[in-house]
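This report concerns only the one structure given below.
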């Protein structure tokens, strides 16, 4: 079984989308092995988005993700990384396939409701960044 990191971003939490997104996860058969609502510390956000540090939008990205509560989720299941990314849809909601979370709920590329690890390495790093040892179910 594969694990991945998923996040409902501040825009999704603010708009009350958490129950719908969790229901979609359950319908797909993924197991939630960790879940917590939190406000991300600036340092954590900077580490999380470290690959974008030199990009012009980095400051806006960090401000957005730390600007309200998020729901951090550890998912487990068959092909969880690719499967969750398929459920989310393209980063730009205009390019997201119908029926994906971003096509259904995202308003802009910046406020696109969800995040998901893009590789096994990213998943491992992001899970360790957001969950302490003992917080994930075996």
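The backbone N, Cα and C atoms fix where each Cβ goes, and this holds for glycine too.
The number of other Cβ atoms within 10 Å of the Cβ belonging to residue 115 (active site, pros-phosphohistidine intermediate), over all protein chains shown, comes to 23. Annotation source Swiss-Prot lists active site, pros-phosphohistidine intermediate at 115, citing sequence analysis.
For residue 85 (ATP binding site), the same-chain residues that are 6 or more apart in sequence and have a Cβ closer than 8 Å to its Cβ are 116, 118. Here Swiss-Prot flags 9, 57, 85, 91, 102, 112 as ATP binding site.
With a 10 A radius on its CB, residue 91 (ATP binding site) counts 14 other CB atoms from all the protein chains. The maximal spread of the ATP binding site, taken as the longest Cα to Cα distance among 9, 57, 85, 91, 102, 112, is 22 Å. Mapped onto three states, the DSSP output places residue 9 (ATP binding site) in coil.
Residue 115 (active site, pros-phosphohistidine intermediate) and residue 91 (ATP binding site) have their C-alpha atoms 9 Å apart, to the nearest angstrom.
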